[in-house]
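After the structure tokens below, expect a handful of questions from me.
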Amino acid sequence: MTTPYPPGTRVFLEDTQTGWIPAVVSSCARVSGDTLTLVLTDENGKETTLTGSGSSLPHLRNPQLLEGVDDLATLSILNEPSILHAVETRYAQRKIYTYSGIVLLAVNPFEPVSLYTPEIVKHYVGRNKGELDPHLFAIAEDAFAAMSLDGSGQTIIVSGESGAGKTESAKLVMRYIAAPKSPDAYTDKNSFVEGTSQVEQQIQATNPILEAFGNAKTTRNDNSSRFGKYIQLLFDTNRHIVGARVRTYLLERSRLSYQAKTERNYHIFYQLCAGLPSQMLKELGLEADYSKFHYLNQGGLSVTEQSDCDKFHAMREALGIIGIDAGKQRSIFQILAALLHLGNINVAQTRTDAVIEDEDVSMLRAMEFLGVNPGDFKKWTIRKQITTRSEKIVTNLTAPQAVGVRDSITRFVYACLFEWLVTSINESLAGKYGDAASRAETYVGVLDIYGFEHFEKASVANSFEQFCINYANEKLQNEFNTYVFKLAQEEYVKEKINWTSIEFDDNQSAIDLMEGKIGILSLLDEESRLPLGSDDSFLQKLNAQLNKPANKAVYKMPKFANAAFTIAHYALDVTYQVDGFLEKNRDTVPEEHLNLLTSSDNAFLREVLDTALHHREGADTADLPSPSGTVSKIPDPGRTSMAGTTGRGTSVKKPTLGSIFKMSLGTLMDMLRMTQVHYIRCIKPNQHKTAWVFSSLQVLAQLRASGVLETIRISTAGYPSRWTFEDFARRYFLLINWREGPSLLKREQFKRVCVLVLMKAKIDKTQHQLGETKIFLRSGILARLESTRSEKLNAIIFLQTNMRRLIAMRKLRHFGRSVVEIQSHWRGAKARQAFHAAREEAEAEKARIAAKAAEERERERERKRKAAGGRKTPTRNGAATPSENGSPGSTRMRRMFSFGSREKSVLAVPDEPLPEASQPRLSRLEVAAKRLSRRSWYDDSSTRKSPNHLVPAPVSDVSAQRSKSPFSTPIYDQFMKRPPWNASTNLSR
Ligand SMILES: Nc1ncnc2c1ncn2[C@@H]1O[C@H](COP(=O)(O)OP(=O)(O)OP(=O)(O)O)[C@@H](O)[C@H]1O
């Protein structure tokens, strides 16, 4: 029986440190039934033996080809480790963007990258998503193109945990969309306009302002946005940008009165201390050393940074751009200074009550700047009035209660100031006549919203803020699921695929638990309105109402935490501590203080409060009717009013923070449903903000929390692999008959190839469907096909390798034989050359001896003739003397060169030069040399010119001949250095 883990199968081995390690199955044995014993070798070469069945067996890994793909949706195996591994592989290749279906994953590089240059912007203009590498600009271009096509509203949702890069990504996306594009930009890339338009400048000016007032240093991010924002870029019928508007959500208020260690309050306070001229600092009672302010020194930091001063000036400039003049700026700074002094008011405790000195300098200063009577302020800070049906009761507060009142005023005033600033920004973005929204035909919105939040450390509790953030993410996830599932279904319908069997669980029950009629938010509101309501009684209510079998899957009472409740979110279970829920939800200032503030002598403060408290939906200047009287067609993503009027005279009843948030989220969701949505999920690769370090477990938690894994779960419920017939056929045709495949491809019968491949691979009907243009495959099928394909390819490569080796070896043998032959001929030639030289020397010696003997004889004859009186002695008929017949040296030479049969035959050549051959015949040497393909070794033409090539040159000509010789090559020289008659010389070595 076959197993799903044959040897060579690529798997992931679970690891506590890194999550998973890639490994390969070395052997697999079936123990019994489904239980297998696997021997795995991981990438470090370590062997592990594992016995198990079903889900306890290791996760399968994708074929190498698919690891590091642009789009995770194209992975054949879509389990958690595979997805994580693909993202990690890409990040290691410095590819920070990856698609996951409709989502773009952006992993924070934590160092500047050259991905946003005007050149790159130009590349993406007019290109479809998927044509180029995954990028923020591809998503921005996609949204802009969709808007241009039919005028439909678009929203790009950028989410992720704190420090993941949401704000940076949102800024880049907006810069791309707002960048002015010439009408030809889509046909001619060179006509793309660089630079900034006025609207773009104004949009960019919002960044330093919102960052100064809404961002703070946290342990997770030095410039963390403590609010959510939605920026809508408005376009007219010609797709020209006409304006923009900003909506903000849930500014974190608790930070104003309390900061954790190493964290800071909002940047603006430090910027003020670092950047204001000393005269102004003095007037406002501030100092560059901010450590004396209670609201600024709790984080343990005491020095401003140089960047605070620089950013202060940039922020002031930006205020100027959006039309807030120097006078208004001074008023803003005055209010901020008042808040810092408020924090320094000394609230002492007598035995029972709180007391504040009448002469408390901080109080006097704060009240001076706020335009409020210090006596009244003091009275309503240390006392409280309870109104019953029949009477008003005034009671004294304790010091902590009075401090609570003081801090609530700070939080309230700051939140109102933030609201006022956002309103001012919107006025500036509303165009020259303030009618941008009514002139606009369509829009692209960018939502920069906090991601799912969960503190694991016992020291940091998940509180009301986390509850609201996770509630927002739960709602967004629900929209996302519906959208992804809808898209998947649309494709199935278009391709005429039977999709009825595809189901998925959504997170509606968790949402109902939080926002339902008897849900957590409504129970919280109910408790918040009770004068004696408390966190404990709220928890009791929750447990009584929600701890029921119907909510078993989503609501839990934690076993080990007392004042807490647990919600099973789509991402993971989060336990919330109820401490402070009520106070944070109420987040109200006492009625008496509200009246003091709204009737302040400070006209600017009154304007700020009025704007924040009485701002109703649709009352933005951006929404003013145009001069022609038309009303905006652009849906509003939720104007967050700080309060709603009660209708009872002028009194203002402040709704709870929870209900405001619920309302604004509801409006946002309504708007999202009207738009086409694009998703960017930012991922923080490590907690230390270190560049290019990837911590697998942390990323996995974020992939879970961002819903990426959930999307994949939805995809795997259907047919995650979708290929066009052509792509599929071109990749897998080699699995079918080797003649049939290519010929069907040539005839473009792609669907037929697909069917044959499926038949050949024995993939049954439940595992695939053939649509109109695409083939749909269940999870894991592609990996099977890919492994069969690589087996076949490996076999082909094996054959090719061996054939190539065979051919190369034959060539080598042939080459070796030729080399040896050339060597032997050349050695012969050299021997002959040496022999001739020796022979000539011997001949000369012989002639010299003969001449000497003749001379001797002549002298003897002369002597005899003289002695005989002139009688002549006859010679022996001219016969040669023994020395004339050959010298003993000559004989010795012959013997010396007789060292082999081939050489002997060569030595048999006559002493006389060979007669010139009538037909030049190729010698064996030439034939051997010709076998060599390298011309430099042998020049055919030059050899053929000399018919006497076998005759060695005279000794004196040897060097000259060497330079002319066709063999004058390094090998020749090497050869010449050795004794030519040494038979062991082998040049092929
Ligand atoms: N594309 C990028 N290239 C280089 N660095 C980046 C990029 N995106 C983010 N960063 C770095 O990461 C830091 C945090 O980014 P950012 O402030 O956008 O996070 P965030 O998700 O908005 O966090 P928060 O929710 O706390 O506001 C930036 O200050 C910057 O140093």
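In case you wondered, yes, glycine gets a Cβ from its N, Cα and C as well.
The shown structure was predicted, so the numbers you read here are calculated from the model rather than taken from an experiment.
What TrEMBL shows for this protein is this:
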- G160, E161, S162, G163, A164, G165, K166, T167: ATP binding site (BINDING)
- 875-890: compositional bias 'Polar residues' (COMPBIAS)
- 958-968: compositional bias 'Polar residues' (COMPBIAS)
- 67-790: domain 'Myosin motor' (DOMAIN)
- 618-651: region 'Disordered' (REGION)
- 665-687: region 'Actin-binding' (REGION)
- 846-894: region 'Disordered' (REGION)
- 933-989: region 'Disordered' (REGION)
Does any of E161, A164, G165, K166 have a Cβ within less than 6 Å of an atom of ligand 1? These are the binding-site residues; tell me which, or none.
A164, G165, K166
Helix, strand or coil at G160 (ATP binding site), per DSSP?
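In three-state terms, G160 (ATP binding site) counts as strand.
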Out of S162, A164, K166, T167, give me whichever of these binding-site residues has the highest number of other Cβ atoms within 10 Å.
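Buried the deepest by this measure is K166.
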Of G160, G163, G165, the binding-site residues given in the record, which has the fewest other CB atoms within 10 A of its CB?
G163
Near E161 (ATP binding site), how many other Cβ atoms are within 10 Å of its Cβ?
24
Three states by DSSP: which one describes G165 (ATP binding site)?
coil
What does DSSP give as the helix, strand and coil breakdown of the region 'Actin-binding' (665-687)?
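DSSP classes over the region 'Actin-binding' (665-687) add up to 10 helix, 8 strand, 5 coil.
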